[in-house]
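*Asks:* Take a look at what Swiss-Prot says about it:
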- 41, 42, 92, 93, 94, 95, 96, 97, 98, 99, 100: 5-phospho-alpha-D-ribose 1-diphosphate binding site (BINDING)
- 93: Mg(2+) binding site (BINDING)
- 96, 97, 98, 99, 100, 138, 139: GMP binding site (BINDING)
- 96, 139: xanthine binding site (BINDING)
- 96, 139: guanine binding site (BINDING)
């Protein structure tokens, strides 16, 4: 899938991510999890934040590569896991088309699967999510961005007009 499928952009700041993860944790706080499995790389930071909020000390990873920048390609399992997920919380930043989610569900069919953000195509594959975003929306996560100087608007307009 190419960048052409994205017509909107949603930028998530660090503050927004913390608020969203904490809100998701409010839905999970009554449950008792043996551990957390983060889907790398996108699920690492949400999993760390969730582990802190739920006081879960055991965190593992399943490593699947599915994106090259904004192009979604075939799945490559780089590290699997040796249990069915019973009693475990499975965490990713988002579910998009569901390709990664399907593969991980096969590996960990008994895990409780949560994502912070969900798109319509992948939403049925997770047990819980916090925020739904449009299928054609590219989500910019804070770990993918840097701070850069932006020229004042008046200077941008003047340089464009000259």
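Backbone N, Cα and C define each Cβ position, glycine as well.
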*Asks:* Report, as a single number, how many Cβ atoms besides its own are within 10 Å of the Cβ of residue 96 (5-phospho-alpha-D-ribose 1-diphosphate binding site).
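*Replies:* Here the count is 27.
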*Asks:* State the Cα to Cα distance, in Å, between residue 138 (GMP binding site) and residue 92 (5-phospho-alpha-D-ribose 1-diphosphate binding site), rounded to an integer.
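*Replies:* Taking the Cα atoms only, residue 138 (GMP binding site) lies 16 Å from residue 92 (5-phospho-alpha-D-ribose 1-diphosphate binding site).
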*Asks:* Which one of these binding-site residues, 92, 93, has the sparsest Cβ neighbourhood, judged by other Cβ atoms within 10 angstroms?
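*Replies:* Sparsest of the binding-site residues 92, 93 by Cβ contacts within 10 Å: 93.
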*Asks:* Let me know the most crowded of the binding-site residues, choosing from 94, 139 and counting other Cβ atoms within 10 Å.
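*Replies:* It comes out as 94.
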*Asks:* Among the binding-site residues 97, 99, 100, point out the residue whose Cβ has the most other Cβ atoms within 10 Å, with all shown protein chains included in the count.
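*Replies:* Of 97, 99, 100, the one with the most crowded Cβ is 100.
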*Asks:* Cα-Cα, whole number of Å: residue 93 (Mg(2+) binding site) versus residue 41 (5-phospho-alpha-D-ribose 1-diphosphate binding site)?
*Replies:* 9
*Asks:* Between any two of 96, 97, 98, 99, 100, 138, 139, the residues recorded as binding GMP, what is the biggest Cα to Cα distance in Å?
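*Replies:* Per the listed residues, the maximum Cα distance equals 17 Å.
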*Asks:* What is the separation, in Å, between the Cα atoms of residue 99 (GMP binding site) and residue 92 (5-phospho-alpha-D-ribose 1-diphosphate binding site)?
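*Replies:* Cα-Cα distance, residue 99 (GMP binding site) to residue 92 (5-phospho-alpha-D-ribose 1-diphosphate binding site): 13 Å.
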*Asks:* What kind of secondary structure is residue 99 (GMP binding site) part of, going by DSSP in three states?
*Replies:* helix
*Asks:* What residues, ordered by sequence, lie under 8 A Cβ-to-Cβ from residue 98 (5-phospho-alpha-D-ribose 1-diphosphate binding site) and sit at least six positions away in the same chain?
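*Replies:* The answer is 121, 122, 124, 125.
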*Asks:* Which three-state DSSP class does residue 94 (5-phospho-alpha-D-ribose 1-diphosphate binding site) fall into?
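*Replies:* DSSP assigns residue 94 (5-phospho-alpha-D-ribose 1-diphosphate binding site) to strand.
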*Asks:* Would you mind listing, in sequence order, the residues at least six apart from residue 41 (5-phospho-alpha-D-ribose 1-diphosphate binding site) in the same chain with a Cβ closer than 8 Å to its Cβ?
*Replies:* none
*Asks:* Would you count the other C-beta atoms found within 10 angstroms of the C-beta of residue 138 (GMP binding site) for me?
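*Replies:* Around the Cβ of residue 138 (GMP binding site), 16 other Cβ atoms lie within 10 Å.
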